[in-house]
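**Student:** Have a look at this one before I ask anything.
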Amino acid sequence: METTFRHVAAQKHIALVAHDHCKEDLINWCQKNVHHLQNHQLYATGTTGHLIEKATELKINSLLSGPMGGDQQLGALIAENKIDVMIFFWDPMNAVPHDPDVKALLRIAAVWNIPHAMNIASADLLINSPLINREIELRIPDYQTYLQKRLK
């Protein structure tokens, strides 16, 4: 597939997601990094968003709970280029009923080339990168060219 670039502003749109067994880790991570996160627009799936907001007083745009469609909503925002970074603490040792949604979310994050961290170590590296507060260009699929070729 051909690619193009999209401009990402210095203020990022960051998605915060965590499975039940990982919510406490994400909340603690957010508390530790509140000084970084407060400079960005934050989104989260339902329960996670409310818990983070309560623990940190950060403003969170909460979507539906993951199993109720929040993962799908987040995937749609990624495909619409409305999410720039995703922090997703998931539990590789426990299957969840909405596992296909989780896999779809991870896939769409990879397709649209958004930086995403799936554990504390990678989240720390990502949030502490000098690029997190800078304008950047991301290489993404050129959907218009793809569509034009398919419609010929």
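Every residue, even glycine, has its Cβ placed from backbone N, Cα and C.
As the structure is a computational prediction, the values presented were derived from the model and not from experiment.
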**Student:** Could you look at His98, His116 and say which one Swiss-Prot places alongside His19, Lys23, Thr45, Gly46, Thr47, Thr48, Ser65, Gly66 in the substrate site?
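**Tutor:** Only hit among His98, His116 in Swiss-Prot's substrate site, alongside His19, Lys23, Thr45, Gly46, Thr47, Thr48, Ser65, Gly66: His98.
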**Student:** List the same-chain residues at least 6 positions away in sequence whose Cβ sits under 8 Å from the Cβ of Thr45 (substrate binding site), in sequence order, or say none.
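**Tutor:** The answer is Val17, Ser62, Leu63, Leu64, Ser65, Gly66, Gly70, Asp71, Gln73, Leu74.
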**Student:** Excluding His19, Lys23, Thr45, Gly46, Thr47, Thr48, Ser65, Gly66, His98, please set out which residues of the same chain place their CB within 8 Å of the center of the CB atoms of the substrate site, keeping sequence order.
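**Tutor:** Going along the sequence, the neighbours come out as Val17, Ala18, Asp20, Ala44, Pro67, Gly70, Asp71.
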**Student:** What is the pLDDT of the domain 'MGS-like' (6-152) when averaged and given as a whole number?
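**Tutor:** Within the domain 'MGS-like' (6-152), the model's average pLDDT equals 95.
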**Student:** How many other Cβ atoms are found within 10 Å of the Cβ atom of Thr47 (substrate binding site), counting all protein chains shown?
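**Tutor:** A 10 Å sphere around the Cβ of Thr47 (substrate binding site) contains 18 other Cβ atoms.
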**Student:** What is the three-state DSSP composition of the domain 'MGS-like' (6-152), stated as helix, strand and coil residue counts?
**Tutor:** 74 helix, 29 strand, 44 coil
